[in-house]
Amino acid sequence: MSGPHRTFSFEQRGDGEAHSSFMDHAMHPQYDDVSPISNMSSSPGHMNETHHGLASVPEDNHQGWGQARGPSPSNRTGFTATPEMDNLGPASVGGGISGIALGVANSHDRLSGVEARRGTDGQEANIPAERGYNTTGSDNPYIPAPPDMGGYGSSETLHPRQSYGSNVALGAAAGPAGQLTPGHSATHLGTSNSSQRNLYDAPYQSAGGLSAGPYQRHSAYSSNDLPLDINPEEIADDGDDGFAPAGNSRSSARRSQAVPAAAGGAAAGGVLGGIGGLFNNRNPAETSYDPVPGAGLEAGEKSQWVKPKPSTGSRKRGWIIGAILAVIIIGAIVGGAVGGTIGHKDSGDSASGSSASTQSASGDTDTNGDLDKNSAEIKALMNNKDLHKVFPGMDYTPWGVQYPLCLKYPPSQNNVTRDMAVLAQLTNNVRLYGTDCNQTEMVLHAIDKLDLKDMKVWLGVWIDTNETTSRRQIDQLYKIVDDAKDISIFNGAIVGNEALFRAGDNKITAQATLTKYMQEVRDHFKKHDIKMPIATSDLGDNWNAELVQIADVVMSNVHPFFGGIPVDQAAAWTWRFWQDHDVILTQGTDKRQVISEVGWPSGGGNDCGKGANCPDDTSGAVAGIDELNKFMEDWVCQALDNGTDYFWFEAFDEPWKIEFNTKNENWEDKWGLMDPARKLKSGLKIPDCGGKTAA
């Protein structure tokens, strides 16, 4: 989509941040979408109080890549990439870096369209810097500088999308049944303006500014109930399975609550989303695309949606359709409840054929035993010549680790073992998003059973507005680390994923709370003589000097796809954005810098920085196998050669995220290198980098 091109220049401020000024040039294309990479500024002047984080992000008019820059303030909107839910059932083939992310590069919930801009000052500059990109320079280590393209709109001209963690479901299907309890907490990461929230978006809103996380799947219905009036004050649960607070901006743009309960429930998630619009009246003129944080583990993490309100002339037809869909929903819920115990991602021709598709987690173990490296099924999975260990890290969230659903339908240890058997052929470094449902313990057990001596784990702690959830997560982290026989298997602990992004205009308060949690973890480790890096991950533009000071590692989510970046420029843009917004913040320190999420969808349409509003189907960032191959070709081996540290998002598709798809944006469930059954996608080629492997 064309639009005025903006040139930005930085003016160094006393606080170490850069201030951007810009000029509009009507002759150049502008990429106006929000990416999971964008983040929000703490400066109140850059953000409307009703917006959940969309703010202008200063960016300079770069002449070359990789050159030292002054720190860039983080004035972004929320995104979350990144995943962790297994609505498909405990026995589901665990190949899914479920959840948050896409969040994916910057984040976590994604949002586009009119809703993405709601609450902003109306200026195109109020967008994440990661969304746009400038012409490439000769300093880029990935690809030769291309000819002048006339200047692409900087990321500032892009609308932010919410990002997702790998544990976050991008679609309604991400929300498992049973997680209805609204979250509420006294201590939260920032308080958003609840008075401006639409009750349809979040009937039971959290007190905090952070939308629900990957662990919180929002659903309007439980596996046993149809829509009913619920008094959140009467619910005894801690609420981490409740609705994520939805703001009028990204977070508020939720579709109707939909929750697939089992493998067969993924499709039902889409139906639920449609029905929500019939059972509830809502005013938005356009449908917004934005997963709720908390529908998956990192879209927790994430999943309320908004459907257009039926016009008066179509009300009767709407009720008829609603009645029909209600019948389907009831069947889906009933089937989901049953499927929750049998959901299995297995496919007939997958290597895990020994596991019946109707098995529960315990049934899988009863039939196959506790899988290990000597199991025939595991040997087959670990002998895939098309997989190469060229990724420094992989974002991963096992299926079925959404609390409290996992209490009723426990995740499958064997599925985690199967996943790890595959992941071990891609990387020696796995990143988790949370500690609920024994997911960390299952990963450690799988590593032991498979004898993966080189495999390391980045522990994840999900932080959100619900203090009970955060407390449970942190306490479990302590238990895991304190009970570990050898902590050398841990590369570090990531406290929070895109917590600042989800805080919206309350980023300052959220950062204070986040750093408090980080310091608490640091103090605990010190007290127990545990030497382990402490970090947090957020949109690339959300990092600032204060956050860098308390973190041992700067971890940023960066997604070129949501910036509408053509794939032949994506690798260069990603590296440059990371260098100019994150790496530069660590100059003069010994802090490491890591891209915590980066990837490309294998299908579903194209994004021109403004969602699917492209003039044709070849403009902007195009999702596809060829494009995914191109991005890996330009990024993977070069990153391996120059030592760029990153986590790929992601290894496995997450089918439940289909609910987040729209008519022209059908990529939410297609970020994996493999399908849910752990089979490499047709035509996809993972670079072998001449035999070189990641450490």
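Just so it is clear, glycine is given a Cβ too, placed from its N, Cα and C backbone atoms.
The region 'Disordered' annotation in Swiss-Prot covers 1-53 (among others).
Feature annotation from Swiss-Prot assigns topological domain 'Cytoplasmic' to 1-317.
If you look up Swiss-Prot, you'll see 36-45 (among others) marked as compositional bias 'Polar residues'.
Residues or ranges marked as region 'Disordered' in Swiss-Prot: 117-140 (among others).
Residues or ranges marked as region 'Disordered' in Swiss-Prot: 175-258 (among others).
If you look up Swiss-Prot, you'll see 188-198 (among others) marked as compositional bias 'Polar residues'.
What Swiss-Prot records for 231-241 is compositional bias 'Acidic residues'.
What Swiss-Prot records for 286-314 (among others) is region 'Disordered'.
Under the heading transmembrane segment, Swiss-Prot lists 318-338, citing sequence analysis as support.
According to Swiss-Prot, the feature topological domain 'Extracellular' maps to 339-695.
Annotated region 'Disordered' per Swiss-Prot: 346-372 (among others), in sequence order.
Positions annotated as compositional bias 'Low complexity' by Swiss-Prot: 349-366.
According to Swiss-Prot, the N-linked glycosylation site annotation covers Asn415 (among others), on the basis of sequence analysis. The local packing around Asn415 (N-linked glycosylation site), expressed as other Cβ atoms within 10 Å of its Cβ over all shown chains, amounts to 32.
DSSP assigns Asn438 (N-linked glycosylation site) to a helix. Other C-beta atoms found within 10 angstroms of the C-beta of Asn438 (N-linked glycosylation site) number 19, with every protein chain shown included. Feature annotation from Swiss-Prot assigns N-linked glycosylation site to Asn438 (among others); the stated evidence is sequence analysis.
Secondary structure from DSSP puts Asn466 (N-linked glycosylation site) in coil. Here Swiss-Prot flags Asn466 (among others) as N-linked glycosylation site, drawing on sequence analysis.
Glu498 (active site, proton donor) is surrounded by 45 other CB atoms, counting those within 10 A of its CB over all protein chains shown. Positions annotated as active site, proton donor by Swiss-Prot: Glu498.
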### Query
For the glycosylation sites listed here (Asn466, Asn642), which one has the lowest count of neighbouring CB atoms within 10 Å of its own CB?
Asn642
## Note on the structure
Expressed in Å to no decimal places, the gap between the Cα atoms of Asn466 (N-linked glycosylation site) and Glu498 (active site, proton donor) is 15
### Task
To the nearest whole angstrom, state the Cα distance for the pair Asn415 (N-linked glycosylation site) and Asn642 (N-linked glycosylation site).
35
### Task
Filter the recorded positions Glu498, Glu597, Asn642 down to the ones within 10 angstroms of Asn438 (N-linked glycosylation site), Cα to Cα, kept in sequence order.
none
### Task
Give the number of CB atoms, excluding that of Glu597 (active site, nucleophile) itself, located within 10 Å of its CB.
46
### Summary
For the topological domain 'Cytoplasmic' (1-317), the averaged pLDDT of the predicted model is 35
### Query
In Å, rounded, how far does the Cα of Asn642 (N-linked glycosylation site) sit from the Cα of Glu597 (active site, nucleophile)?
18
### Task
Could you say whether, by DSSP, Glu498 (active site, proton donor) belongs to a helix, a strand or a coil region?
coil
